[in-house]
Amino acid sequence: MSNLQVSVYRYNPETDSAPYMQEFQVDTKGRDVMVLDVLHMMKEQDSGLAFRRSCREGVCGSDGMNMNGKNGLACITPLSDVVKGNKLTLRPLPGLPVIRDMVVDMALFYKQYERIQPYLQNDEPAPAIERLQSPEERDKLDGLYECILCACCSTSCPSFWWNPDKFVGPAGLLQSYRFLADSRDNATSERLTDLEDPFSVFRCRGIMNCVAVCPKGLNPTRAIGKIREMLLADAT
Amino acid sequence: MVTNITSFGRSGLSDWLIQRVSAVVLALYTIFIVAYLLFNPDLDYYAWSGLFAQTWMRIFSLLAFISLAAHAWVGLWTVTTDYLKSTNVRVGAQMLIILAIFIYLVWSIQILWGA
């Protein structure tokens, strides 16, 4: 079996005037390894190659990247899922400023996450025990709390590409709904007031790129629909 | 909070609702016109003119034209804020679009009640 041909986005702002694609030949010994393993094999050939990784099992969300045109986590994406014609093209997450090679500046992504106030707010006196939830109330948080903030969804969303400073993006909105849906949070109307402008929620056109790429199988589009329903119910 | 002064309803929620309601009106109007043309293959000027001489048809048409105006304003405003990054170009394009929508709306009222 011939070597895997890998094309990787390279850019070092200190030495390169423009980004370029570097070609690698990687011998995977015919095994169906993960894309992250291939990155490590390339780093053995060129130790200057920069990328983020940490847990290497799809929990930390560090190695989100664009593999043959589709965002995903390199550590849990087997070659058989993405490689076409023995070729693999790796690029950083689209739409965010590149710091170096595959490493992007996530400041705007985190700013939008911070904006939706991702913490429980409750101004009632704390009870002697925990704030209790019924099993049904707890069920509403399933499919929301599992997000690992890898940014695969928001950086595959054209609305986030064009207006990352104003549109919260699918990841932020999924977390926004996680707190809107929480029976223990009573800042619901303040949260909704901050979202009713034409950009924060309503710039979503429902194309569902976020759903297609989420490595955890979550559905931000459904959460955005629920936020719209809550806004409508609150204002009419 | 993000605010806007050139969007149709000054609120994302209001723009969103207006766009969906106007889309339903436009769909009903389109279905009606297409069905009318299909069921009247020998349509002449007098039948067409007679249709638009009736008050309910004028109200239905004006409702559709107002819906089209609102729908176009909301939709094109979104397009300009996505793709036109220079403030001068964006505001200029928005003013042109709003002016054109106003002209077409007044013109359509003149056509409906002028004949």
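We number each residue from 1, going along the chain as drawn.
In case you wondered, yes, glycine gets a Cβ from its N, Cα and C as well.
Annotated features, as they stand in TrEMBL:
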type     : residues : note
TRANSMEM : B:21-39  : transmembrane segment
TRANSMEM : B:59-79  : transmembrane segment
BINDING  : B:His71  : heme binding site
BINDING  : B:Tyr83  : ubiquinone binding site
TRANSMEM : B:91-113 : transmembrane segment
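Beyond the ends of the transmembrane segment (B:21-39), by six or more residues, the same chain brings 51, 60-61, 63-64, 67-68, 70-71, 74 to within a C-beta distance below 8 angstroms of the stretch. Mapped onto three states, the DSSP output places B:Tyr83 (ubiquinone binding site) in helix.
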